[in-house]
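Taken from TrEMBL, the feature transmembrane segment applies to B:12-33, B:53-75, B:87-104, B:110-128, B:140-160, B:202-220, B:240-264, B:276-295, B:302-323, B:329-348.
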Amino acid sequence: MDFATLIQILDSTVRLATPLLFACLAGLFSERAGVFDIGLEGKMLAAAFLSGAVAAVTGNVWLGMFAGIGASLLMAAIHGLASITFRGNQLISGVAINFLAAGLTVLLGQNWFGLGGRTPALTSGGRFEPIILPFAEAMAPVPVLGPIYSELISGHSFPVYLAWAMVPATAWLLYRTRFGLRLRAVGENPAAVDTAGVSVTAIRYAAVAICGVLCGLAGAYLATGLAAGFGKDMTAGRGFIALAALIFAKWRPWYALGACLLFGFLEAVGNRFPNIDLGLIVLPAQFMQALPYILTVVILAGFVGKAIPPRAGGEPYVKER
Amino acid sequence: MTAMPKWADAVLVPLISLLIAFVISGLVILAIGENPMEAMRIMVSGALGSTYGWGYTLYYATNFIFTGLAVSVAFHAGLFNIGGEGQAGVGGLGVALACLYIPWPHWSLALAAALVASAVFGAAWAAIPAWLQAKRGSHIVITTIMFNFIASALLVYVLVNILRPTGSMDASSARFAEHLRLPRLNEILALVGIPFNNRNPANISFLLGLVACVAVWVLMWRTRLGYELRAFGKSEKAAVYAGISPVKITMAAMLISGALAGMMAVNTVMGEAQRLILNSVEGAGFIGIAVALMGRSHPFGVLLAALLFGFLYQGGAELALWTKIPRELIVVIQALVILFTGALDNMVRRPVETLFLMARKGR
């Protein structure tokens, strides 16, 4: 494998890791506040659909993005209502949201566009354009550093840079602000937060809403950045890979970046080399697809550093009377 | 004091939830410019108006009985087995291996072997998440989700690289021998003189599903293991204090659950396709969640809920055939049923409880 191929694979890694990173950070906010979310997939799917649809109709990618965030927030609201207000089972609510999105996107897509659930292909204004960083052209001929700067770092679209910026932003919000401290406390010991006179419900709703916005960005990037339009079931398990990355990252923002890049890299390598010949054995493409899930199970099993979820995760908070 | 009589808890609340789910589905149909009443009429006549429709309804219901029971058994032990999809897929592999590689003289022997193979394969696929939950405390919901994806990758690999006959482009196994074909429901009903349509896949597996319902009922309410499962699900601490081993119960519940999900494959792989095809489970593993929630995890409730979803599935197919409403409407209804009977249960339950309390005070 030569240097140019490596750059291409890494470039593709960055792009494929972006939706994972958004969704993973989304799950991080929700789960750190004690609300399990296996509905990341559904929220991304709903957002991808509506952003694709709105971008196709208006020809404006930004309107599409905001519509996608709106769709995702609506799903998040259902999840919040079920798991915070009505103290329902958060896992079951997540399952319901995944199916709701899977069904509604095709139902509405077929009704609006008649393309079997797809949205019309997006033309230039409806997609996120690559942003060429300054001096990218001039740097290109420089050996090694040139391709790294002009191809790997420059030339991605807005959501990619936003996703990377979200990592330090999340770390700062969680570990350096009062809101972040309260959010983490709500996920570990909600009764203590309640005793301190802070509303557990409000913090959890805020976390679920942030989760909705980030999933919306993930979905919008899928439909208007990675692809040119929405396709039926286009998230294809990415929400669950993000969930896997979240566990892999042990619910920490910087680790999340690493985990998402790893899983993005696996996907990029799998796309480029369907079957990997290791000399003794040939790794089939299906193995590469299953690898993120296998790694997550191994991590969950605690053989390679135990992943301990937030202590109050999954428990509805019942105020003492 | 319980606020509600038992019948209200078991029948009234799920029925109200179902009603809300249906009303919202009706609004969705209205929103896409179709007539909900007309849609309902097409679904009823398509699924229940002929023995052809009934055949498909019962065929789908058979799948949902098995996956619904699978989720129910785990629910009783306080475990959420979301991996029915993968377990049923791997169960299908068991059925295919049992039917392809052993020259059975008669379908009845092959059926027995396929049942055992599907149950063992399904249980084995549930065993690893179960063991990780019991021994290492890894969350069973996450591990079973991961195992669904691993199963689907594994099945693609096995079908494309191992089971596919040489020269075939189709990612599916060879066809099973013709004499291994399971008796269809019309052939069974013909024995007692009831005419039934012969162009539908309903087969003897439906009767096996009924047997499974009874067997699960006996297990849960008439055996020591069932008692231990339910005690563990109600309160882990109390169960441990009573000398019930968490490891044993977690393993037992998940193995039984996986076996039931795996046995679903007898209906689809042996009863209908007569070969292993890609994605033969078609989401039935997930519908088991809706069925178990709707049926309140009781075998009789599961049977009724499975019939309801069988009706929805066949009705939905007819709807897609005759109107512009795509099949995905059923996924929406399924989501709403899971939402209202599962996650938003309290939203329905609290007002009903209040009503009962008011009625009691007024008396």
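The backbone N, Cα and C atoms fix where each Cβ goes, glycine too.
Annotation: stretch B:53-75 has the most Cβ pairs under 8 Å to the transmembrane segment (B:302-323), among B:12-33, B:53-75, B:140-160, B:202-220.
Within its own chain, the transmembrane segment (B:53-75) is flanked in space by residues 45-47, 81, 84, 87-88, 185-186, 196-197, 199-203, 205-206, 208-210, 212-213, 216, 219-220, 229, 233, 253-254, 256-258, 260-261, 263-264, 267-268, 271-272, 284-285, 287-289, 291-292, 295, 297-299, 302-303, 305-307, 309-311, 313-314, 317-318, which lie at least six positions past its ends and keep a Cβ under 8 Å from the stretch. Between the transmembrane segment (B:87-104) and the listed ranges B:140-160, B:240-264, B:329-348, the one holding the most Cβ pairs under 8 Å is B:240-264. When Cβ-Cβ distances under 8 Å to the transmembrane segment (B:110-128) are tallied for each of B:12-33, B:140-160, B:240-264, B:276-295, B:329-348, the top count falls to B:240-264. Across the candidate stretches B:12-33, B:140-160, B:240-264, B:329-348, the maximum count of CB pairs under 8 A to the transmembrane segment (B:276-295) is reached by B:329-348. Only pairs six or more apart in sequence are counted, and the transmembrane segment (B:12-33) with the transmembrane segment (B:240-264) gives fewer than three Cβ pairs under 8 Å, not enough to call it a contact. Only residues 6 or more beyond the boundaries of the transmembrane segment (B:240-264), in the same chain, are considered here, and those with a CB under 8 A from a CB of the stretch are 62-63, 66-67, 69-71, 73-74, 76-77, 79, 81, 83-84, 87-88, 90-91, 94, 115, 118-127, 129-131, 133-135, 140, 208, 212, 216, 219, 225, 228-229, 231-232, 281, 284-285, 288.
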